[in-house]
Amino acid sequence: MLTYGKPFNFQRWIDDHAHLLKPPVGNQQVWQDSDFIVTVVGGPNHRTDYHDDPLEEFFYQLRGNAYLHLWIDGKRERVDLKEGDVFLLPPHVRHSPQRPEAGSVCLVIERQRPAGVVDGFEWYCDACGHLVYRVEVQLKSIVSDLPPLFNAFYASEEKRRCGHCGHVHPGKAV
């Protein structure tokens, strides 16, 4: 028998998991214990963090539209992902996926991180652009590892205060 089971209809899988592809969960991993982290992410979803992935990320915008805010050389840039678009993000490019459309669906594929290779999550000051806070994690599960990290940032005014200008990051997007 195959390790990961038989082929299945992916569109049906998405429809069957649609209730998990919207807030508050927003995403679902297709396979567990694979060399790849294959995640389906639904909208709407607004993030204030920037992910520093040590490896490449593949995006396939299946339904609706989305965009990535990129933090490059101290400036925010935007990459639009229209329905049907694919995009390969290089390692260590800080990115913040934004999915404003309800019902939008994106397939995101990442490699499992080798032991000792960590992901970073960063928040930048809206007033001056400096790094406000960074947390690193040995990522095992996107679904379960991230909420505690994000909630710790949202709950702490100290973590959200910019050390450069004193502005307090608003935390979670509304």
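Including glycine, each Cβ sits where the backbone N, Cα and C put it.
Since the structure is predicted, the reported quantities are computational estimates derived from the model, not experimental observations.
Database features (Swiss-Prot):
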| type | residues | note |
| --- | --- | --- |
| BINDING | Arg47 | O2 binding site |
| BINDING | His51, Glu57, His95 | Fe cation 1 binding site |
| BINDING | Glu57, Arg99, Glu110 | substrate binding site |
| BINDING | Cys125, Cys128, Cys162, Cys165 | Fe cation 2 binding site |
Provide, as an integer number of angstrom, the distance between the C-alpha atoms of Cys125 (Fe cation 2 binding site) and Arg47 (O2 binding site). 14
Packing count at His51 (Fe cation 1 binding site) (other Cβ atoms within 10 Å of its Cβ): 21
Give me the long-range Cβ neighbours of His95 (Fe cation 1 binding site): same chain, 6+ apart, Cβ under 8 Å, in sequence order. Tyr50, His51, Asp53, Glu57, Leu68, His69, Leu70, Trp71, Leu89
Residue from Arg47, Arg99, Glu110 whose C-alpha is spatially nearest that of Cys165 (Fe cation 2 binding site), among the binding-site residues: Arg47
Sort the binding-site residues Arg47, Cys128, Cys162 by C-alpha distance from Arg99 (substrate binding site) and give me just the closest. Arg47
Could you tell me the C-alpha distance between Cys162 (Fe cation 2 binding site) and Arg47 (O2 binding site) in angstrom, no decimals? 18
